[in-house]
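> Structure incoming, see below.
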């Protein structure tokens with residue numbers, strides 16, 4: 001069995017078998033067992049639990065965001081244009097580990113959101129995009145930690161400034177929309193969360209491209225290619241989601257209005 005490249009392990013998920021069992025159980029429950037169990041049951045009312053979960057996610061992601069910004073722009077532990085993991089004896093190595101551990105654990109906390117969808121029978125929200133995104137972030141992030149170690153190109157660039165910032169906005173929206181139907185209808189910025197996610201993927205892809213264009217940048221190039229490719233793939237499927245949910249309905253409304261005018 002391979003051993004993690006960094007001797008400092010992630011709490012709970014240091015054993016790859018626990019990680020694989022957790023992710024396999026997630027897929028089995030949200031795609032098969034959960035819907036089967038809920039088939040003849042009424043949806044659970046989890047409003048209070050979900051509000052607490054949303055507040056927790058806002059605070060958790062906010063903490064990682066603050067730590068990440070401090071790490072990048074106050075401590076200046078990385079050269080932004082060429083992000084390489086800190087050596088084991090670097091004075092900021094423990095800070096790098098802490099941020100990455102918090103981020104990795106949060107990717108497993110994110111899986112709970114899909115379980116809420118199953119228990120509330122929100123089948124439409126259990127889409128390929130949703131399940132794949134959550135699974136891939138936890139699974140690929142874990143493989144990155146296990147074989148590469150903490151930090152480097154796949155972490156603080158998207159972790160500190162982009163991914164966690166988007167999640168703070170997203171969970172703030174979820175919390176506010178859960179308070180009442182009236183407040184939910186007044187929240188006009190839902191689609192801009194998806195736009196922010198698309199901008200995030202674009203920035204990550206651009207950063208990976210700039211990194212790879214520097215022959216003297218000592219990053220792990222296959223991992224950088226992988227990070228950029230995954231960002232491009234996410235950009236495509238999130239763009240499809242945006243089109244089908246925000247552009248296409250408007251096109252249908254415009255066509256219907258034109259038909260009525262011509263009658």
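In case you wondered, yes, glycine gets a Cβ from its N, Cα and C as well.
It should be emphasised that the depicted structure is a prediction, and the values quoted were computed from it without experimental measurement.
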> Looking at 34-54, 55-75, which stretch does Swiss-Prot describe as transmembrane segment?
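That would be 55-75, the stretch labelled transmembrane segment in Swiss-Prot.
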> Transmembrane segment per Swiss-Prot: which of the ranges 77-97, 98-118 is that?
98-118
> Is it the case that the transmembrane segment (98-118) and the transmembrane segment (193-213) touch, counting contact as three or more CB pairs under 8 Å in which the residues of each pair are 6 or more positions apart?
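Output no: the transmembrane segment (98-118) is apart from the transmembrane segment (193-213).
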> Against which stretches of its own chain does the transmembrane segment (135-155) lie, if we need a Cβ under 8 Å and a gap of at least six residues from its ends?
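For the transmembrane segment (135-155), the nonlocal Cβ contacts are 2, 4-6, 8, 10, 13, 16, 19, 23, 26-27, 83-86, 96-97, 99-101, 103-104, 107-108, 110-111, 207-208, 211, 219-220, 223-224, 226-227, 230.
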